[in-house]
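Written out below as structure tokens is the structure these notes cover.
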Amino acid sequence: MSKDLNSSRIKIIKPNDSYIKVDRKKDLTKYELENGKVISTKDRPIASVPAITGKIPSDEEVFDSKTGLPNHSFLREHFFHEGRLSKEQAIKILNMSTVALSKEPNLLKLKAPITICGDIHGQYYDLLKLFEVGGDPAEIDYLFLGDYVDRGAFSFECLIYLYSLKLNNLGRFWMLRGNHECKHLTSYFTFKNEMLHKYDMEVYDACCRSFNVLPLAALMNGQYFCVHGGISPELKSVEDVNKINRFREIPSRGLMCDLLWADPVENYDDARDGSEFDQSEDEFVPNSLRGCSFAFTFKASCKFLKANGLLSIIRAHEAQDAGYRMYKNNKVTGFPSLITMFSAPNYLDTYHNKAAVLKYEENVMNIRQFHMSPHPYWLPDFMDVFTWSLPFVGEKVTSMLVSILNICSEQELDPESEPKAAEETVKARANATKETGTPSDEKASSAILEDETRRKALRNKILAIAKVSRMFSVLREESEKVEYLKTMNAGVLPRGALARGTEGLNETLSTFEKARKEDLINEKLPPSLSEVEQEKIKYYEKILKGAEKKPQL
């Protein structure tokens, strides 16, 4: 065996070989880059990037010892360094916020001066910039119009920091509900995934409970109707808002849905003015863009403002290139009938838009714009670098191994041709041996069979590695489906799901979905013991009644 190894092309590297000895004098604390710059291996290569906080803070740090309220100053810095809270601390802040918010009416009535902000969407580092531009919340009143979570990677940090400011500034800091503050949308977009990555389902449920108690609208200075989405055909008076049962999930239709989902029509500014309104013109049309609620017209806005003695509607809900948009002026008041605010700069890291806040003070309205702030990068779906890169690396490594091992021709690797060719060759050698009786011919025949066996083993290895390569490729390209299958199958990928590539994965997913739907009845909450007893009583009563109705023999 050793002789075969030495005669092969494989070089056995021994530990005492001179060319693999480590230079003991080399300073391993220093590393020279390609450009000649020497850096320390003990320090962070890019010192300008803040280090991540890995420590879970104590309760004394998170909560004020005197008031018991969240320490928003500490949380601000802790979240800035990507720190996390314990599960108990997070739930405590969420429960405190739920209690405080539930005591507020559906329609808030606020006074100026106040700063009004639009969508935040999980952009925590831009939220900190917002407070730099808008002013210290301890000194200035704030009204947020909703959509604190989803899309951005720091939704939880935004929510908890805003809640901590709310709890410390009751009567001065106000938060409305947006259409993303619900289980339906947060499950579809990113917030639920973020919560399961950073915490767990219990913390996510606590967040959703807090969403259900957020107020729906605000009347600012008795002149401005502030809401996340817009107005509704069911909204005749601002007081109609107080008639809504808001302590629930957002419905798919009705006044509550419209307040959070409605948009102005695309040609809002092209409408006629005042008495020139076209009587046949619709005030509300189906909102095809959103798939629910309505799109309201300039005519609808003017009618609502006139009926309630208001100047303007201030809302959020739509990204704006400048961070805000002033719509067509109301001819009666000479003031914009509608204002849209958006406070998430460079939305989704792709829009390149500015953000803005509206500062209203002494009957003067100022709009302050700001640009995005640098923020830590997260991979899609909160993947870690190993989960993200391993399938790619594995695919390339196996591809390289296939290339190295693929030293046989296609004919040699053909499973049908190999045994036949080997058999024919051996038979020919055997016949020749019988005729000549030469021992060397017998050895040659044995060598041919051995070569064919090796070739077959090599072919099987190549096919096995190619199969692994294919599985890595599927893992990389279909990572979302793979993760979903694992989630729905107790964290384990069903056997054979990757073997047949993307097609097989899709079939597995389809089959699994069908089975899951059929089994949904078992996902319901089981009946209580009292309910079981009631069902038994009803069953026995039904049997007795049936027995009484039978004729006596």
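Just so you know, glycine gets a Cβ as well, placed from its N, Cα and C.
Swiss-Prot lists S2 with the feature N-acetylserine.
According to DSSP, D147 (Fe cation binding site) is assigned to coil rather than to any helix or strand. Annotation for D147 (Fe cation binding site): spatial neighbours G118, D119, I120, H121, G178, N179, H180, E181, H228, A316, H317, criterion Cβ-Cβ under 8 Å with sequence separation of six or more. Sequence annotations record features per position, and here Swiss-Prot assigns Fe cation binding site to D119, H121, D147.
What Swiss-Prot lists as Zn(2+) binding site is D147, N179, H228, H317, and the listing cites similarity to another entry.
Under DSSP, H180 (active site, proton donor) is assigned to coil, being neither helix nor strand in the three-state scheme. What Swiss-Prot records for H180 is active site, proton donor.
Annotated region 'Disordered' per Swiss-Prot: 413-447, in sequence order.
If you look up Swiss-Prot, you'll see 417-427 marked as compositional bias 'Basic and acidic residues'.
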Additional residues surrounding Fe cation, by Cβ distance to the D119, H121, D147 centre under 8 Å:
G118, I120, G122, G146, Y148, V149, D150, R151, G178, H180, A316, F342, S343, A344
